[in-house]
Amino acid sequence: MMRSHYCGQLNESLDGQEVTLCGWVHRRRDHGGVIFLDIRDREGMAQVVFDPDRAETFAAADRVRSEYVVQITGKVRKRPEGAVNTNMASGAIEILGYQLNVLNEAETPPFPLNEYSDVGEETRLRYRFIDLRRPEMADKLRLRSRITSSIRRFLDENGFLDVETPILTRATPEGARDYLVPSRTHAGSFFALPQSPQLFKQLLMVAGFDRYYQIAKCFRDEDLRADRQPEFTQIDIETSFLDESEIMGLTESMIRKLFKEVLDLEFGEFPHMTFEEAMRRYGSDKPDLRNPLELVDVADQLKDVDFKVFAGPANDPKCRVTALRLPGGASMPRSKIDEYTKFVGIYGAKGLAYIKVNERAKGVEGLQSPIVKNIPEANLNNILDRVGAVDGDIVFFGADKFKVVSEALGALRIRLGHDFELLTCEWAPMWVVDFPMFEENEDGSFTALHHPFTAPKCTPEELEANPATALSRAYDMVLNGTELGGGSIRIHRKEMQQAVFRLLGIEAAEQEEKFGFLLDALKFGAPPHGGLAFGLDRLVMLMTGAQSIREVIAFPKTQSAACVMTQAPGLVDAKALRELHIRLREQTKVE
């Protein structure tokens, strides 16, 4: 072997021993005729000292530069008093180098590895192989590996089988656009890359495998955000003969064990909250419980006021009027209020009403707001009592369609929590349950809130009679306002699956064309089953404190779904297109 130890393995117990290291020159220093090289490998860093007494080795050390790949042999010794570096795991020792072999030279990197804060993300992605040398980046990928190992170990110990499902499959309606792959052997036909292994894992339950898992690559051709990539990794789990409480208990144990093993954090039992309560109190189906701010409905106090902005929504069952109190916010300048007004506009809000509570004892005179003149004093007091307002607070209001108010004030709640440093703890895991089966569109049609294979909490007849009020057997695990994973009990009876398809506007012929294999499987003794899928990239992002999932993926795509390093996607030659029976149309030039 070319090395005897990794740099990160060196410590005082090796004092006096000979070691051989392989790695990159992180930094070179020349102090008073002695050369110091900081050598870096994937496990850490070590300081190597070269004395001029060994002329040949000293000369070789004098020639090396940053990022040269080297092999060094030397003797471990304790550092002199006062020279210990507490920032390095091996900081109590150094190596007296007496043999140096340059394995490869290196040009000057496009950016220094220890000064990366001003380097643009595109440059970092173009030279990702350099960027990944930084200890901060290597640490994230190393932690990712520990996370997947812990999860695999837990699932293996609990009787789950790791089964691979196809990557080349057919398009199914799962909400986002599919990545399509043309078939050379079936002219005019296309495979689709899977958005999830959903149907295959259900078929594995029909086949009797009982407990399945897979760390699966999934693909979605959608607009990208900070927590989205066109290809992402999913921890996919499915079980038979367990109900939702048992599946939630099992996967909660897995996450608790993971955080204990990897971060040495003890989580208690995760609280449960219904979808309806989460939307009402937090304006989100993935609330961040670290934030103490809450939305409070006040429509009943504003139905009869002579102020249409409030009275209209207050009397409309499809709308809501909500208050959000910010403790100590009365000193907020108008410019900041305008900034927050612009912010909620992103979510469709037409404005942001507010009341500053300067001195409640003075009644209306102690309140500062353009809206107080339109609301009777008794109603104002009821509202302020309900939200718990005291002197020095500011209360914001939203009045509009339920979805607009929930999203706008829910987002404002999160923004205020961060801007005013209100978070009360570092971690807040929870479960959200009792989701609606469907979302009703403007035209009265329905869309599956999760996916079309989620089981409802009712019979097919009850579902078709009252689809708008039907609840599903779905559950989401949420951590710090981020959905870690979502799952449900699945439909295992053909009649129920057909009823759901009908409500989604998928008629019998289309059902047979797109889902005939699933409907067939449900006829042949499908067991009760359910599961859950975790987003691995998001989980690693939270556990490492990264700002984006691009920071925890070795070779991510940009926000335009491109790889600047390999220049993918790229053009292909005409011969390959002909073999695939594809002809490119000329793009119309816009003058």
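Note that Cβ sites are derived from N, Cα and C of the backbone, with glycine treated the same way.
The record from Swiss-Prot ties R220, D221, E222, Q229, G535, L536, D537, R538 to ATP, and of the options E157, E164, E483 it ties E483 to that site too. Annotated by Swiss-Prot as region 'Aspartate', the relevant range among 110-113, 198-201, 278-281, 350-353 is 198-201.
Using a 10 Å Cβ-Cβ cutoff, E222 (ATP binding site) registers 14 neighbours.
Helix, strand and coil counts under DSSP for the region 'Aspartate' (198-201) come to 4 helix, 0 strand, 0 coil. The most densely surrounded of the binding-site residues R220, R490, R538 is R490 (count of other Cβ atoms within 10 A of its Cβ).
Fewest other C-beta atoms within 10 Å: among the recorded positions H31, H450, that description fits H31. Within the model, the region 'Aspartate' (198-201) shows a mean pLDDT value of 97, rounded to a whole number.
Taking every pair among R220, D221, E222, Q229, E483, G535, L536, D537, R538, the residues listed as contacting ATP, the largest Cα to Cα separation comes to 20 Å. On the backbone, the CA of R220 (L-aspartate binding site) and the CA of L536 (ATP binding site) stand 15 Å apart.
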